[in-house]
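Participant: Have a look at this one before I ask anything.
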C-alpha cells in the first residue's frame, strides 16, 4: 500500500501583509529564477515571495481596494491580480510592468485562473452571473459564458483546457465545454456556496474537487455528472481546496483556522495543521520538484509546509 503524504512546517511569516491575506498562488519557475509565491490582501497589495525562506521579493501597489484573487500564467512570466475595485491588473512578474488592465462590473471579480496552455484567463463574475474569458494575446473578450444566472464564486480548468467548472453561491457547480462554448451540465450535492474548485492533474481530467461553506469536500466525475466521494472533518466553512501535483492528496483551508491534508482513497483527513489563528483563505501546492504547500489567513500570516 502506498504511503500517505505528510506535511511538516517549514516557515511562517507573521504580518506578511498589513491586513487579512485572502489569496495565494505559485508562479512557475522560469530559466532565470525559482518559483515564487504570489499573495494578495485586504491591504490592497500584492506580494511576491521567494521560497523556502519566504523572503519578500517585491510589493505591487496599484489597487485601491482589497485583492481577492491572484493567478499565474503557466509560463511564469506574467500574473494577474483582481481587486474589489473591479479591476484585474495583468503584470510582468519580474519587472512589474502593467501589461493590461481589465475592467469588470463593481466588486464582481471573485476568482480567476489561466487555462493550462495560457491562452485564456477565466474570471468568475460574481453577481453578473457570467464567466469572462479573456484572450491573453489581445486582452479582448471573445466570449462571456453565461452560468445560468447564478452568482459565480470559483473557477477551475480541466488539465486539457477543454472544460471549465464554475462554483456558485447556491452550491451548484456548472461544467462548460470551452471549445464549443456551451453549457454541459450541473453537479449537485452542496447546499451552500462553493468557494474553491480544482481538477485532479490526471490526463483524463475527470476528477473535480470542491470546497463549500457546508463544511464538505466533494469529489465529482465531472464528465459523468456523478459524485464519487464526500469528505468531512472541518468544523466550519471550507474556503479553499488544492490537489497535490501527483494527484494523490488534497489540502484544504477552512474558517475553523486549520489546514487539512486528505487522502482521497481513504476518504478522510490524514493530518491537521493548526499554524494559523484565524480563518485560512487559501492553500496552494507548488508543482514541479520539491513538494511545498502554502497557506494564507485572516491572521495576516503565510505558512509554508514541506510535503513528503
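Placement of Cβ uses the backbone N, Cα and C atoms for every residue, glycine included.
The following feature annotations were taken from TrEMBL:
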REPEAT    14-59  repeat 'WD'
REPEAT    60-101  repeat 'WD'
DOMAIN    139-194  domain 'Anaphase-promoting complex subunit 4-like WD40'
REPEAT    145-186  repeat 'WD'
REPEAT    187-221  repeat 'WD'
REPEAT    231-272  repeat 'WD'
REPEAT    273-308  repeat 'WD'
Participant: May I ask for the residues of the chain that lie six or more residues beyond the repeat 'WD' (60-101) and have a Cβ under 8 Å from a Cβ within it?
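Facilitator: Tertiary neighbours of the repeat 'WD' (60-101) are 19-20, 22-30, 32-33, 35-36, 38-48, 107-114, 116-118, 121, 123, 134, 136, 139.
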Participant: Where, among 145-186, 231-272, 273-308, do we find the most CB pairs under 8 A to the repeat 'WD' (14-59)?
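Facilitator: Between the candidates 145-186, 231-272, 273-308, the best contact partner of the repeat 'WD' (14-59) is 273-308.
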Participant: Near the repeat 'WD' (273-308), which residues from the same chain, at least 6 beyond its ends, have a CB less than 8 A from one of its CBs?
Facilitator: 5-26, 28-29, 35, 37, 39, 41, 49, 51-52, 54, 236-237, 239-245, 249, 251-261
Participant: Just to confirm my parser: what is the rounded mean pLDDT across the repeat 'WD' (231-272)?
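Facilitator: Looking only at the repeat 'WD' (231-272), pLDDT averages out to 95.
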